[in-house]
Ligand SMILES: *Cc1c(COP(=O)(O)O)cnc(C)c1O
């Protein structure tokens, strides 16, 4: 694969990145607020944009969302608490809890806060209804087919654990506990496959007709893709909207009143806003292979290991030398973890892949692009490595530390019982 000298466009520039690593060291996440605001503006046609915060859950990112009128999808008690901390009020469907199950602690908090539940199972409706009759709910429908860019992210069909298969049973429980049905939700993710999207929309319309119950909203879910690789197609958000709008209008006509159309993206809003800056610490030859080892591991950026995801890389040289694009090497890029799978260049089935990059030196910075979604939020403490700092380049281009590096002592404290 060709090395691509990534165009930082107007969101990141080399001198800003160098200033940040000089002050905070590597590895480090950097986000661009300008980029996030641009992506939000592209979805303005939808009545409500609901950010799937699991993709990037830093409270300072949530504050950007809130200031732009974006609402929140939370999938755990922790995410609800993050949204509240970022200033979201629990009323007016500002926060919706989406899940396929409750634990007791989450359930009691949701009832106390009166947060609407987007239920992915009938058992949830039973457990909620017994304790909180009349509670506002949405139904997450499994439309009996899926899509998803990977078997681990496929969200529909009988191999998916998500959503409600048989709405007639759910309706029975809704009636029993007088639950307040607000809307129907389908999260499949069609990316740029508009034919598939039409199929999803058709399912939504059919489901509304079938349940014979009034609703006020529908949600298109998330799953809008971004071009991770050069040459991949960008989503045409107007086209995306038009397809959903047609479905919404059919439903509104059928029910005889206005229907609110929500969209619930994670990746689309934040993926391109983030980079992971690492430093090259080791370059070693193993037979015919050259391994370039950087100071971030899959505990930081999980996607390549988990899904075989591809992230563009670019280089900033430590000694200000010009990058020589005619002088390239084919390398395998790995991290520091004591685990052979700690490789950023691998395919979905775990086969190692090589990447062509310019000749690099120890100390050069290697940047993984498009890591704003499912980057920091999927990080772990594996190998007792602390969570790394997060930096925001705010809309005035000033550098804000939005998460400190986790002190290793904090990890150890939890175990001093
Ligand atoms: C993860 C998730 C999303 C966001 O998915 P993206 O692919 O990041 O857009 C939206 N809705 C639900 C219910 C999700 O679980």
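Sequential numbering from 1, following the chain as shown.
Backbone N, Cα and C define each Cβ position, glycine as well.
Per TrEMBL, the candidate among 183, 223, 308, 334 that belongs to the pyridoxal 5'-phosphate site alongside 264, 265, 266, 267, 374 is 223. The recorded positions recorded for this entry are 54, 303, 307, 338, 339, and the Cα of 54 lies nearest to that of residue 264 (pyridoxal 5'-phosphate binding site). The binding-site residues listed here are 264, 339; among them, 264 has the most other Cβ atoms within 10 Å of its own Cβ. For the binding-site residues 223, 265, 266, the ranking by surrounding Cβ atoms (within 10 Å, all protein chains) places 265 first. Of all the recorded positions listed here (303, 338, 339), 303 has the Cα closest to the Cα of residue 267 (pyridoxal 5'-phosphate binding site). Of the listed binding-site residues, namely 307, 374, the sparsest Cβ surroundings within 10 Å are found at 307. Among the residues 267, 303, 307, 339, 374 said to bind substrate, no two Cα atoms are farther apart than 28 Å.
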